[in-house]
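Visitor: Mind having a look at this structure? Questions to follow.
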């Protein structure tokens, strides 16, 4: 199967969705092993549902939509960063956007009590920071590998 991206914005979303699939699988595994206390979908759902309802099907669907929407925004940011700055050190650029998204989500948004779940245990926090770094890296890698034609900046000076 050949991926033929048509535009940057849509491909940033697609790359993020693809990268977020293994991230969510890992998240579930670490949650099932009780290494992290909350799956990302629980944290996301708690912005809309009571804490005790975050395990329900409607809450998990809402959490998944929120999680993939957030990943899509990260993907859009990464593709435009790579477009404007080039693909040199793409992995570092992806890691930096992943780190920034974690700082914003866990360091600012959750501390402002937007979400009813605010994880403070080391396992959950360490897992989710690693998850955000990995997400940024994977998105940047997918974009660089499969969307390189979209990253050609025609405005040479």
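Glycine too: its Cβ is placed from the backbone N, Cα and C atoms.
Note that this is a predicted model, so its numbers are computed, not measured.
Below are the features I grabbed from TrEMBL:
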- 12-31: transmembrane segment (TRANSMEM)
- 57-83: transmembrane segment (TRANSMEM)
- 90-110: transmembrane segment (TRANSMEM)
- 125-143: transmembrane segment (TRANSMEM)
Visitor: For the transmembrane segment (57-83), give me same-chain residues lying six or more residues beyond its boundaries with a C-beta closer than 8 angstroms to one of its C-beta atoms, as numbers and ranges.
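Guide: Hits for the transmembrane segment (57-83): 8-9, 11-17, 19-20, 23-24, 39-45, 47-49, 90, 93-94, 97-98, 101, 105, 135-136, 139-140, 143-144, 147, 150-151, 153.
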Visitor: Determine which residues of the chain contact the transmembrane segment (90-110) at the Cβ level, with the cut-off under 8 Å and only residues 6 or more beyond its ends counted.
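Guide: Distant Cβ neighbours of the transmembrane segment (90-110) are 43, 70, 74, 77-78, 81-82, 117-119, 125, 128-129, 132-141, 143-144.
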